[in-house]
Amino acid sequence: MQCDKCDAEAVMHAAYSGLHLCADHFTRSVEKRVRRRIREDGLVPDDATPADPVTWVIGLSGGKDSVVLTQILHDTFAKDPRIELVALSIHEGIEGYRDRSLEACEELTAELGVRHETVSYAEEFGVRMDEVAEEDPENMAPCAYCGVFRRDVLSRYAERFDADLMLTGHNLDDEAETALMNVLEGDVEQVAKHFDASLGPLEERTEQDHHVPRAKPLRDVPEKEVALYAQLEDLPAHITECPHAEEAFRGEIQRLMLDLEEDHPGTRHSIMAGYEELAALAADAYGDGRQEHGECERCGAPTGRDICRKCALVEALEESA
Ligand code: SF4
Ligand code: ZN
């Protein structure tokens, strides 16, 4: 097959657009979509200047998504004195898994000359995910603990670095899966939160959320294309799966989504287009009513309860130890 834009041989076919692209045109199309998303989301503030730059913290796990995100952000902004990039990695304490992916992070950031910081659950909370999975005092999937801890670390460190924005490598498949899960679980409040946290206009993300606003510049790029980009650009991405990955419902949704996409190319895109509109309405309807106005008694994090979810989990783990 030949590239639709030149005479070179195609390396991919996107069923949803019908396009065949060569390596060169494909990588450029990925970069274009990421830059367009950054523009459309208004991520670079008009008033950022070289004398008063903004700081962007990138959540870098060493997997293909965050590695591709870091590379493209670096290629786009390394020479832009209005933007300072910091990569932040988390060591969850997962034997044989995280050490290897952190090596990928080190390698990439050293090569790009991007500042890189690593924080661990062990130092932050006195827990390691391997033990958490073992003890499991709340009887939930390991990822449920891990997600709470990760959000806490990311938002606290984003604040510590005086970040203006927290960027993560969620791709189109991730976002469409989350959208479908929220809808199937009937969780309208979660839909509203999803919108406020990372889909809506940046000014509102800042206003609505107590945390540093988030952005997902890869959210228009399907997972397979992110993987192909990493491979073609020879990026040091780590591919093994975490041994604790067992978010059962997401796994089912993943399989469903792949089947749907195969039979009806473009499903992920249309889910997201419709979901974003619905999510905007949901966020509007909920307004400020569901804001977390209180502060955690133990750590000061914003929460609607006396102590926040993260502190409650740490306490449960301490008691079960
Ligand atoms: Fe944490 Fe689950 Fe990701 Fe493993 S798969 S790092 S347990 S969230
Ligand atoms: Zn707390």
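Placement of Cβ uses the backbone N, Cα and C atoms for every residue, glycine included.
What TrEMBL annotates here:
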- 2-26: domain '2-thiouridine synthetase TtuA-like N-terminal LIM' (DOMAIN)
- CYS3, CYS6, CYS22, HIS25: Zn(2+) 1 binding site (BINDING)
- 56-192: domain 'tRNA(Ile)-lysidine/2-thiocytidine synthase N-terminal' (DOMAIN)
- GLY59, LEU60, SER61, ASP65, ILE90, GLY169, ASP174: ATP binding site (BINDING)
- CYS296, CYS299, CYS308, CYS311: Zn(2+) 2 binding site (BINDING)
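ASP174 (ATP binding site) falls within a helix when secondary structure is assigned with DSSP. Taking a Cβ distance under 6 Å to any atom of ligand 2 as the criterion, the binding-site residues CYS22, HIS25, CYS311 reduce to CYS311. In this view, SER61 (ATP binding site) is surrounded by 23 other Cβ atoms within 10 Å of its Cβ, with every protein chain counted. With a 10 A radius on its CB, CYS308 (Zn(2+) 2 binding site) counts 23 other CB atoms from all the protein chains. For the binding-site residues ASP65, ASP174, counting C-beta atoms within 10 A of each C-beta gives the highest total at ASP65. Nearest to CYS296 (Zn(2+) 2 binding site) in space, judged by Cα atoms and limited to the binding-site residues CYS3, CYS22, SER61, ILE90, ASP174, is ILE90. Taking the mean position of the Cβ atoms of CYS296, CYS299, CYS308, CYS311 as the Zn(2+) 2 site, the remaining same-chain residues with a Cβ inside 8 Å of that point are GLU297, ARG298, GLY300, ALA301, THR303, ILE307, ARG309, LYS310, ALA312. Mapped onto DSSP helix, strand and coil, the domain '2-thiouridine synthetase TtuA-like N-terminal LIM' (2-26) counts 4 helix, 8 strand, 13 coil. Ranked by CA distance from LEU60 (ATP binding site), the binding-site residues CYS3, CYS6, CYS299 have CYS299 at the top as the closest.
Mapped onto DSSP classes, the domain 'tRNA(Ile)-lysidine/2-thiocytidine synthase N-terminal' (56-192) shows 78 helix, 22 strand, 37 coil.
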